Every structure is written in C-alpha cells, then in structure tokens.
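Chemist: The following block contains the structure, expressed as structure tokens.
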C-alpha cells in the first residue's frame, strides 16, 4: 500500500506546504518544484502540478517571484518543447500581479520558454497570450505584454504580424504612462525583429509618438531607443529620422531627458556618422556642456574625450575646448571631478601644441582644486599627457603641483600620490627623481597615518625594483636604517616593514651585510610589538640568505626572542624557528 501512495506523497506535501502560514515553508516548497516534478513524472506534472500552480493565489511577492523563476526552467519536467505551452497559464497569471519584480521575472521566464517553443505552438498559444495581456483591463498586464512582442513577432504569419504591430502602436499611446514607458523600453528589441519595410513606417511612427509624449519619464526612455533604432536604420534614414529627435531632446524642458541625451550622445554619433555629427551634434553637445543643471554637465563632461575623438582637432579646439575651460572652474565639484577623470585623454587627440597652450593650464587648475577627487583623477592619468608633451615640460609645469599634493592635508590624496610615484619615477628617470622626489619618499615613512607609512614602504620596494639595488643602496637603505633610532615605536615598525620588503630586491649579500645586523639590534628593543615584528622579518628573510647565516645569526636571535616574557613575541619567534626547521628538512 505504501508503494502505491508514494507518488502522491510529494504533491500532498507540496499542497500542504504551499498553503502553510509560514512563508519560509511556502518558499522552500516552491524552490523544490523541480524535485517534486521529477518525482511525479512528466504527465502528472502537466496534469496536476501545473494546474495547481495556476490556481495558487499566494499573496506573498517573495513566493510568487520564486515561482516565476522556477517555471522559466521547467520545460524538461513537463515533457520537453512539445509540451512547453502548458507552462504559459501560471506565468500569464504572474504577469498581472502588482509587484514589478514578479512581473519582470515572469516576462523573462516567458521569453525563455517562448524562444524554445515550436513555431506552431507559438502561433497557437504564445501569440494569443500576448494579445490577451495587451488587451488586459489592468495596466500591469499591458506593461508585461510589451516585453513579449519580440518573441512572438518573428513566428507570426503576415496577417498576425500586421495585427501585432497595430497592437504595439496602441500600447505606445496607452492612457497609462507606465504602459507607454514599457513600450518605449522594449521598442528597440521589437524593432530588431520587424522587417525593414515596416521599420521606416510603423516603428518610426511609434517612436515619434513616444518622443512627443507629455511624460518626461517616457521621453527619456525614447532617448535610449534612439541609439538602438539608429543601428537598425540605414545611415541616411538615421539622419532624417533620428537626428532631429536627438537635437530636440538636447533642448528638452526636462533635465532628466537632457541627461539621458548627454549619456547616450557618443553612441548616437556612431549611429549617424561623422558628417552629421560635426554639423548637428556638436552644437547640441556644446549646449549640454553648458546646461544649467549640474547632473547634465556631469554626464556631458564625462564624455568629452570620446566626443573629441570623433571630431578633427580643429573642431575640438574651436568648439569643445572653450566649454572645457568653463567646466574646469564649474561651481559643482562633481562636474570638475567628471572632467578631471577624462580630460587627460584629450591630449593625444589635440596634439602637442594645443595641449601645451590650452590643456596644461586647465590641468594645473584642476591639480590645485580644493576637492580631493578632482586632484586624484588628474594624477592618475598623467602618463597620457607625458606621451604627448614630453617629460621636460611635464616636470616644469606639473611637478610643483605634485610636490604640493604630496603634503596635502587629506591623507587619501597623499596616498594616491605615493601610488603614482613609481610610475612618475619610471617616466622621469633617476636623475630627475633624486633631485625632486627622493626626499618626499622618506618623509612619507614618518607620516601620521598608517596607510601612508605602509604605502611608503611598498613604494621604496617598487623604486628599488625600478632603479636597481645599487641605486637603492646609495639613496634608500642608509636613510631607512637611520630611522630605526626614531624614539616612536610606530615609525620603527614602519622601518622593519620597509626592510622586509627591500630584502628580496636587494639580494643576499646586501641583506647579510647591511640589513641583518640592524634587524638583530632591533630584536633587543624594549617594545614587544617591535620584537615580534623582528621575528616576522627574520622569518621572511630565511629563504633569501645562506644557510650558514641562518644558523649563525638568525637562529640565536630567534631563540632569545622565544624566551621573551611577552606571549606574542614568543609565538612569532617559535613560528619562525619552525620555519627554519622546515627549510632545513626540505633541503
């Protein structure tokens, strides 16, 4: 008897749990749908489980969302593609619920199922579902319908295709702004499936309706459609249909629409081609760079280099540079920051002379900006300018500003400068570095902020790698070792960190003759933190130095530290001793 009842058991548990008051039980049950479907078999899943889910009127969005997601991958459990249509009714119900994320997931699952369905089933089941949703009384159904047309349309016979285009056109003029928004969002996807002949007529008339919508939220979605439609149309059609719309949108009364144009303008330029860009889009772009809304200027400023690349240098200097100068002293720090993040890329576009004459003064003013992010964005892209104007000019004009930033009161600015020092060093060369930046690198080892001191130690290692051990021995090591006499233990710890980083770069000879004696001396320090850091450093150099040095110098120091009264010192000393034993055993 038990074996007869067993197949009924999973569905019984499911039904019980789906009606349970505890949401977690209901959720677990939904997430186990595939397991239950496998237990029931394909036929019973189609005849019992799916109808049950269609009637399930759970009011919790989390449960409905999980159900919409599960059903999207359910084709194998209902008997494959030929039975895929049985999954449509429960998903159709979910397309009408109030919660947006549930509807979106149901539409996504329907698209996944529809893209696998046979053509005849699409005509018999999927297209009628799209038509029902599009004619739905609730706006939620009509919103969901907009996301399904691109799946339904390719398989429809000609008569139905005409009807689907007509239905979509009605959705673009729906009374509810939410439906028109959905129609605007999905227009690009739908247009990609429509034949070229209807693209210019039906789709463009829908697009024009949306671009003249009285709701700015619909118009700004139509801006996104501009780039998608522009890629589908021939260049000449793009110029006649899309270009006037973009130019109008760049002067839209809603700043949000203008913001979208500023964000999308580069893609739109690609769609219309170089000539219309120069004649029509440059004036539009200049208007956006001078917009009275800061958000629009931020979006436009962030695209300035990309836009200049499309133009020839003369046009960029004539039209865009004056705006860039204005933006560099904009009242909004975020506009200046957006400009600083891309302006360096303009140097290769404009060439050497224009960069020296026009851009360098702007770089300098941004390097001295009171807002740290603006300064950081300039520093991080210095190499792009160096390639154009050469190191001499760069050092004369920008170096004083960099030195000033190295002592900035904001520690993040100092940190950014440190991180770019090796890059600057490789660009400027040894002689220049020694003169101008060497002293700064030592100064940072005694900064009040730990992150700066740590970065300064890493910086010394990278400089030693760049300029070689001989240079480091002359210019870095003596000054670092002197700092071990600093009365403040935190600075002495930074020196130990620097030594541990420098040792692998300097090699075994310099490590044994110059660094090791200093470390051994530090093991006698009165501060436990220094002593256990000595143990760590000794452990790190075991692999660098010769075995005899380990036995003669390192082991005795560690043995002494292993008997220290402080528990942490003993722990790290013993760990280092174990490390020595391990190395000896493996060798």
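Here the Cβ of each residue, glycine as well, is placed from N, Cα and C on the backbone.
Bear in mind that TrEMBL entries carry predicted annotations, made automatically and left uncurated.
Under the heading repeat 'HEAT', TrEMBL lists 10-48, 164-202, 203-241, 242-280, 281-319, 320-358, 359-397, 398-436, 437-475, 476-514, 515-553, 554-587.
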Chemist: Mean pLDDT over the repeat 'HEAT' (398-436): what is the value?
Modeler: 74
Chemist: Same-chain Cβ contacts of the repeat 'HEAT' (164-202) under 8 Å, 6 or more residues past its ends?
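Modeler: Sequence-distant neighbours of the repeat 'HEAT' (164-202): 127, 130-131, 134-135, 139, 142-147, 149-150, 152-154, 156, 209-210, 213, 215, 217-218, 221-222, 224-225, 228-229, 232-233, 237, 241.
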Chemist: Can you break down the repeat 'HEAT' (281-319) into helix, strand and coil residue counts using DSSP?
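Modeler: Helix, strand, coil within the repeat 'HEAT' (281-319): 31 helix, 0 strand, 8 coil.
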Chemist: By a Cβ-Cβ criterion of under 8 Å, what residues six or more beyond either terminus of the repeat 'HEAT' (281-319) are in contact with it?
Modeler: 243, 246-247, 250-251, 255, 258-259, 261-263, 265-266, 268-269, 272, 274, 326-327, 330-332, 334-335, 338-339, 341-343, 345-346, 349-351, 354, 358
